[in-house]
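Here's what TrEMBL has on this protein:
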- 18-37: transmembrane segment (TRANSMEM)
- 19-296: domain 'ABC transmembrane type-1' (DOMAIN)
- 57-85: transmembrane segment (TRANSMEM)
- 135-154: transmembrane segment (TRANSMEM)
- 160-179: transmembrane segment (TRANSMEM)
- 249-273: transmembrane segment (TRANSMEM)
- 279-296: transmembrane segment (TRANSMEM)
- 336-569: domain 'ABC transporter' (DOMAIN)
Amino acid sequence: MSDRAALMDLMAPIRGRVVAASALQVVYAVSALVPFVCVAELARELLAPGPPDGARVWTIAAVAIGGLLVRFLAFGAAGAIMHFADADLQLHLRRRMAAHLARVPLGWFTDRNSGQVKKAVQDDVREMHHLVAHALLDLLAAVVTPLAALAYLLTVDWRLTLVTLLPVPLFAVAFAVMMRGFGDQMSRWAEANERINAAVVEFVRGIAVIKTFGQTQRSYRRFAEAVDDFADFFGAWVRPMLRLSGLSMALISPPTMLLVVLAGGALFVSQGWLAAPDVLPFALVGVGLTAPFLTLDMGSMRLRRAAESAGKVAALLDSPVLPEPEEPVAPEGSRVEFRGVGFSYDGETQVLREIDLVMEPGMVTALVGPSGSGKSTLAKLLPRFHDVTEGAVLIGGQDVRAIGSDRLYRHVGFVFQEVQLLRAPVAANIALGRPGAGTEEIERAARAAQIHDRILALPRGYDSVIGEDAHLSGGEAQRVSIARALLADAPILVLDEATAFADPESESAIQDALSTLIAGRTLLVIAHRLSTITGADQILVLDGGAVGERGVHADLLAQDGPYARQWAAYARASERDWTHDEEVVR
Ligand SMILES: Nc1ncnc2c1ncn2[C@@H]1O[C@H](COP(=O)(O)OP(=O)(O)OP(=O)(O)O)[C@@H](O)[C@H]1O
């Protein structure tokens, strides 16, 4: 769907009101002209030879006042209707987006997509507001008033009307020359801008490294060069354009228009083609004929931007949702089974293939393997962050796709690397695990997650709002999310153990919290710690998306394959870490 079609589509719920407001705006735009026309007509009447017609004079005066009244009423009504319609549209769109986002797969919320959501919900909807509430009506008035003026002038004298319009073709030529190669120049402009941005980002991001290695001058030079390039290019492009733009704008400016009208009028009167008072309407109304050329440019740019934003909102609303089962089933028990599971993010690259895995209740299954081998992807298929592209994932004998999401999350808890805390009180953040949980239960979970004391030390304890009066370290945030999972008390838990490495100070606290969390649960863990790996009931060694080896630690070591080699590397690394810690302590 094109952006423009998307815009029309999104505005469908308020179409009726847009039409009504546009009609009122047309009335406003025409009536805006009425007082000027009346003054011109009055002058023609009074200056005409012979005594003025009193009744006609009064009628003109009445029409002028009536026009003024209608103008104000129509303007107010059109604006009010559009503003109410706009408020409804924004609410409607944001509700639609929220409803849609509640149904997209959890795995869709990557960094990129979250940024996109923020932009669509805030900026893009606001951009559409500008269009609906302001630009559309302004654009309409900018076109209708001059058209009405043109129609009126044609009734006065069509020849002088044509003369009045003389500057328009000249303006068109100057404008066309100015816009030659505009597309190319715009893309060069964007490129130059991008280079500056990249240089700024490099400079700011790397500031610590840059300073440490004494590279400030060099890095700054790159930024300065990018800025100089940009300034040169911009100057070369814009200088001749400014001259042309000045010329074209001067051609259709009111003084030029007045000059043309008066010169043409003088000629017409001297030749006896027109009575002198008949020049007056042209001087009063004709001068504004070219006004839309000045505003149309701005209006059409806004329209384009709003259409672009609408395209992004539509794309968001179009992102595929996770199908919910019509008649959800209940899993019987918490045995987990991956049956011939294959998965691809993009439909082309196979990230997982032919995964078979059974996890009996209470069993610890460790996933190991090199970076990119598919551990996180596999783990995330269980809480249905994505749907498998081949095979099936079953819990308690039921396909996860047939279990309603509410029930699924009561069965499967997860603690992943990217800790998600809401801007809400700490207690509410923990209670997400089980809405309706009492204070006592929340505190018990926090205590078990080794975070209770830290929460009490916050300015308002459990009522402190995350991100406002509660600023938690990475490790503390992890413990809050562990408390949440503890409270949810799901029998199956998916865990990325790397969480434990994020914050060395609280590592042992996190370890204790995790041991409490995993006790007695069926656990699928992306394992990083020797103790978890050696103690696991089964270890899956992933290699390029397939299961390379599987078994318990001792058996795998005895096989002397990839696992044994990886293990040797782990052991060396952790020994080194340990020695390092010792040194620090000493
Ligand atoms: N959201 C995504 N969209 C597309 N491809 C992805 C996405 N997430 C991961 N991948 C790709 O899938 C493959 C497996 O990634 P995955 O994160 O599952 O591996 P991993 O074994 O957990 O790696 P690590 O130990 O580094 O976290 C990689 O090639 C990765 O680039």
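Along the chain as shown, residues are numbered 1 onward.
Cβ from N, Cα, C; glycine included.
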Would you call the transmembrane segment (18-37) and the transmembrane segment (135-154) in contact, using three or more Cβ pairs under 8 Å, pairs 6 or more apart in sequence? yes
Under 8 Å, at least 3 Cβ pairs, sequence separation 6 or more: does that hold for the transmembrane segment (279-296) versus the transmembrane segment (160-179)? yes
Sequence-distant contacts of the transmembrane segment (57-85), meaning Cβ under 8 Å and at least 6 residues beyond its ends, amount to 14, 17-18, 20-22, 24-25, 27-28, 31-35, 38-39, 41-42, 45-46, 132-133, 136-137
Just to confirm my parser: what is the rounded mean pLDDT across the domain 'ABC transporter' (336-569)? 86
